[in-house]
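According to Swiss-Prot, the protein carries these features:
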REPEAT    51-72  repeat 'LRR 1'
REPEAT    75-96  repeat 'LRR 2'
REPEAT    98-120  repeat 'LRR 3'
REPEAT    121-141  repeat 'LRR 4'
REPEAT    145-167  repeat 'LRR 5'
MOD_RES   SER175  phosphoserine
Amino acid sequence: MLKKMGEAVARVARKVNETVESGSDTLDLAECKLVSFPIGIYKVLRNVSGQIHLITLANNELKSLTSKFMTTFSQLRELHLEGNFLHRLPSEVSALQHLKAIDLSRNQFQDFPEQLTALPALETINLEENEIVDVPVEKLAAMPALRSINLRFNPLNAEVRVIAPPLIKFDMLMSPEGARAPLP
């Protein structure tokens, strides 16, 4: 067990160092068994955090993200958080004014993260396979850049299914009523 933990820590350190040394705009920490975003990474990336445009934290064990994460990486264009245990986003997600795409699929959201509706550049939202029942259709319809929202395999209420289509100017992907996600 300790050996596996040590390997995971070494893998994270290696990936962070690669990002810093190469001057990359991408930080890929997918499948690193993270339960939280490592605090030490903020210090290591302090001189390059503004040039990070894509972060992948997919398929970890994250239960939450801190406000510091959102404000430190305020220049993000893409954020991949799929396959975690997230159920909410911090209000500081509003700092991500340049964010174009966010993937929150396969998490534990029961409520639609309404803070996303305030992001002016956001084009794509993926919330597939969560537990969302209601969606702020009017707020989504007012988003200037939104092109696509994926809500497949969420137990959406009938009202959303009826009200949304005539109000929206973007693609809204929904499963047939009562459909459940396929087993992995």
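Cβ atoms are placed via backbone N, Cα and C, with glycine included.
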Lying 6 or more residues past either end of the repeat 'LRR 3' (98-120) yet within Cβ distance under 8 Å of it, the residues of that chain are 53, 58, 74-89, 91, 126-136, 139-140, 142-145, 150
DSSP output for the residue listed as 'phosphoserine' maps to coil
In the repeat 'LRR 1' (51-72), how many residues does DSSP put in helix, strand and coil?
-> 7 helix, 3 strand, 12 coil
For the repeat 'LRR 1' (51-72), find every same-chain residue at least 6 residues outside the stretch whose CB is under 8 Å from a CB in it, and list them.
-> 19, 23, 25-37, 42, 45, 78-96, 98, 103
